[in-house]
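Chemist: My questions will all concern the structure given below.
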Amino acid sequence: GVVRMFQSALTTVTGRRPVATARDYDPHEANSDSHPSRPGHAELLEAMGGAGGGPRRWDCAPVYKPSVGDQLKSRERKGRAPLEHYNMAPASSVDMKRGAEGKETEKEKGKDAGQLAGTASNQNQPPSDAESTADMFSIVLTPAQWRKLVILAFGSLVNNITYSLLAPFFPSIARERGVSEIHVGLVFGIFALAAFATAPYAGIALQKKRFTRLNMMIFGMVLNAIFTAAFGLLEFYDQEKHSIFWYLVLAYGSRIMAGIGCGLTDTSLYALIAKTFEGHGQLPALMGTMESVCGLGFVGGPALGGLLYDTTSFSLTMILPSVVLVGYVALPWYYLREHVPIKH
């Protein structure tokens, strides 16, 4: 204030304005005359020699060095972070306390990281022989997945039993009717040949989505069951009225159709396993399990056929597994059906 009074008195005595300094220049009031004690932008140019081409006085440099307060205001206007973000403000006791807490947290994180590294190193160690053997023969599934696996495995078992079911008794029955050994062998082999020829076309139909996996499996099982039971009805064929030729035609025809049904069922069963357990880490083990069940059906068929033939008859031996196969259809239809909302 004293300096301002001195400058005003000097101006009154000499009639000249003092030379403007950088301290007198305020960027927020450069174009306004609201502050009478500070020269505006025009007065600053006049003191420096005029805005035109006249001589300029460079004895003071019009360089503006903003204060910390101006920097803060400028950063707030531009939406930037405050100066404390760049550690330009002195740290207070609270900040020092926070820093100490941060260091302790980093130490704890380092300890946790060390423990995790130790755990990972233990996990990367090769398992022992006992652990690897236990993992080899263990399949981890949820109860719902176990139910689906058992349903599919039982269907594969019954479906393949129908192939080898007649092995113990049909050769003797065929010889009694005068059928040669060649035809007996062909009756067995034509079932597998029909399943072999059907499987590729069944896969193509599934790929082109002409049938769903479940619908093809159910259709194949019903077809297999119907013609397996029809083969058992050959017991009532009257050979005195009809020739052996028609007996062989009926035997071949029923076995071919049953083989087609078996091929459709097996193809759709494996496709259902792949779809139901898609993304499961033990899918190869599940496929191997299904293949084992399929082999069990081929092995158990003759034993079951011999037992049923000794206790019942030829026709019932073929009809009873067919009834079981048809009744089984309700299980996959209820538990494995994909529920699609009906569009009205």
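The backbone N, Cα and C atoms fix where each Cβ goes, and this holds for glycine too.
Please treat TrEMBL annotations as automatic predictions, because they have not gone through curation.
Worth saying up front: this structure is predicted, and the values here are computed from it rather than measured.
The compositional bias 'Basic and acidic residues' annotation in TrEMBL covers 23-44, 95-112. If you look up TrEMBL, you'll see 118-131 marked as compositional bias 'Polar residues'. The annotation domain 'Major facilitator superfamily (MFS) profile' is assigned in TrEMBL to 148-344. The feature region 'Disordered' is assigned by TrEMBL to 1-131. Marked as transmembrane segment by TrEMBL: 149-170, 182-202, 214-234, 246-273, 285-308, 314-336.
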Chemist: Is it the case that the transmembrane segment (214-234) and the transmembrane segment (285-308) have 3 or more CB pairs under 8 Å, with pairs at least 6 apart in sequence?
Modeler: no
Chemist: With a Cβ cut-off under 8 Å, give me the same-chain residues at least six positions beyond the ends of the transmembrane segment (285-308) that come close to it.
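Modeler: For the transmembrane segment (285-308), the far contacts come to 139, 149, 152-153, 156-169, 266, 269-270, 273-274, 277, 316-317, 320-321.
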Chemist: Please give the sequence-distant neighbours of the transmembrane segment (314-336): residues at least 6 beyond its ends with Cβ less than 8 Å from one of its Cβ atoms.
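Modeler: Beyond its ends, the transmembrane segment (314-336) has Cβ neighbours at 147-148, 151-152, 154-155, 158-159, 161-162, 165-166, 169, 173, 214, 217-218, 221-222, 224-226, 228-229, 231-236, 272, 276, 304-305, 308.
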